[in-house]
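Feature annotations, reproduced from TrEMBL:
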- 2-179: domain 'Formyl transferase N-terminal' (DOMAIN)
- Gly12, Ser13, Asn14: N(1)-(5-phospho-beta-D-ribosyl)glycinamide binding site (BINDING)
- Arg62, Met87, Arg88, Ile89, Leu90, Asn104: (6R)-10-formyltetrahydrofolate binding site (BINDING)
- His106: active site, proton donor (ACT_SITE)
- Asp142: site 'Raises pKa of active site His' (SITE)
Amino acid sequence: MKNIVILISGRGSNMQAIVEAELGDARVAAVIANRPDAAGLAWAAERGIATVALDHKAYADRLAFDRALMAAIDDFAPDLVVLAGFMRILTAEFTAHYRDRLLNIHPSLLPSFPGLDTHRRAIEAGCKLAGCTVHFVTAELDHGPIVAQAAVPVLDQDDPASLAARVLKEEHRIYPAAVRDVLAGRLRIDGLRVVASA
Ligand code: GAR
């Protein structure tokens with residue numbers, strides 16, 4: 001049985017979609033949040049999943065927090081670490097430690113719109129398509145080999161909230177599928193590309 005550790009900062013709807021998905025020979029071993037009040041923690045605990053709250057404000061700097069986070073994650077011997085609305089910039093030490101076993105979902109069609117406020121920026125840029133991207137995490141924020149993407153239309157009457165809701169539905173569809181494919185060994189990283197395993 002493979003172990004997944006999911007990191008969240010808030011609501012955790014992507015975490016919920018992964019917990020509720022058919023993952024084959026894998027299970028969500030733990031959900032860890034950097035905010036003790038993250039709503040997703042209570043949801044996971046109610047379902048008998050181990051939860052850990054690690055308040056980043058209690059640490060002197062980013063590296064001290066990341067080291068504590070790595071220790072908390074590694075207690076669960078993860079095969080895959082999944083960032084699901086985890087709103088912290090990670091150190092190079094952290095991303096190197098989980099190289100090729102760290103996934104993120106980002107609410108834009110990368111490489112467009114890395115960073116925050118993606119839906120407002122897509123609307124203001126006049127994009128006709130928006131979407132979401134699952135990618136392996138590297139030291140460079142919101143870069144890294146792309147595993148899966150889904151696109152949705154941007155409608156004339158959209159505001160950031162309505163576009164976010166349309167994109168989020170796709171996030172809940174592609175993220176569990178990407179987690180399943182990576183854990184099943186159906187994909188391999190070839191430079192910047194993720195391709196089907198031979
Ligand atoms: C999701 O839309 C996710 O793509 C985004 O935060 C939201 C979390 O929602 N992530 C980022 O912006 C990462 N930079 P959730 O807590 O309900 O899964």
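Including glycine, each Cβ sits where the backbone N, Cα and C put it.
Locations of recorded TrEMBL features on the structure.
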residue : record                                                  : Cβ contacts under 8 Å, 6 or more apart
Gly12   : N(1)-(5-phospho-beta-D-ribosyl)glycinamide binding site : Ile6, Val31, Ala38, Ala39, Gly40, Leu41, Trp43, Ala44, Ala84, Gly85
Asn14   : N(1)-(5-phospho-beta-D-ribosyl)glycinamide binding site : Ala84, Gly85, Ile105, Glu171, His172, Tyr175
Arg62   : (6R)-10-formyltetrahydrofolate binding site             : Ile89, Thr91
Met87   : (6R)-10-formyltetrahydrofolate binding site             : Ser9, Gly10, Asn34
Arg88   : (6R)-10-formyltetrahydrofolate binding site             : Ser9, Asn34, His56, Phe65
Leu90   : (6R)-10-formyltetrahydrofolate binding site             : Asp66, Val137
Asn104  : (6R)-10-formyltetrahydrofolate binding site             : Leu83, Phe86, Val134, His135, Phe136, Val137, Asp142, Gly144
His106  : active site, proton donor                               : Pro114, Thr118, Cys132, Thr133, His135, Asp142
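The Cβ of Ile89 has fewer other Cβ atoms within 10 Å than any other of the recorded positions Ser13, Ile89, Asp142. DSSP assigns His106 (active site, proton donor) to a strand. Those same-chain residues not listed among Gly12, Ser13, Asn14 yet with C-beta within 8 angstroms of the centroid of the N(1)-(5-phospho-beta-D-ribosyl)glycinamide site C-beta atoms are Ile8, Arg11, Met15, Gln16, Ala17, Gly40, Ala84, Gly85, His172.
Proximity to ligand 1 (Cβ under 6 Å from any of its atoms) holds for these recorded positions out of Gly12, Ser13, Arg62, Leu90, Asp142: Gly12, Ser13. Residue pairs drawn from Arg62, Met87, Arg88, Ile89, Leu90, Asn104, the listed (6R)-10-formyltetrahydrofolate binders, are separated by up to 19 Å at the Cα level. In the three-state DSSP assignment, the secondary structure recorded for Asn14 (N(1)-(5-phospho-beta-D-ribosyl)glycinamide binding site) is helix. Mean pLDDT of the predicted structure over the domain 'Formyl transferase N-terminal' (2-179): 97.
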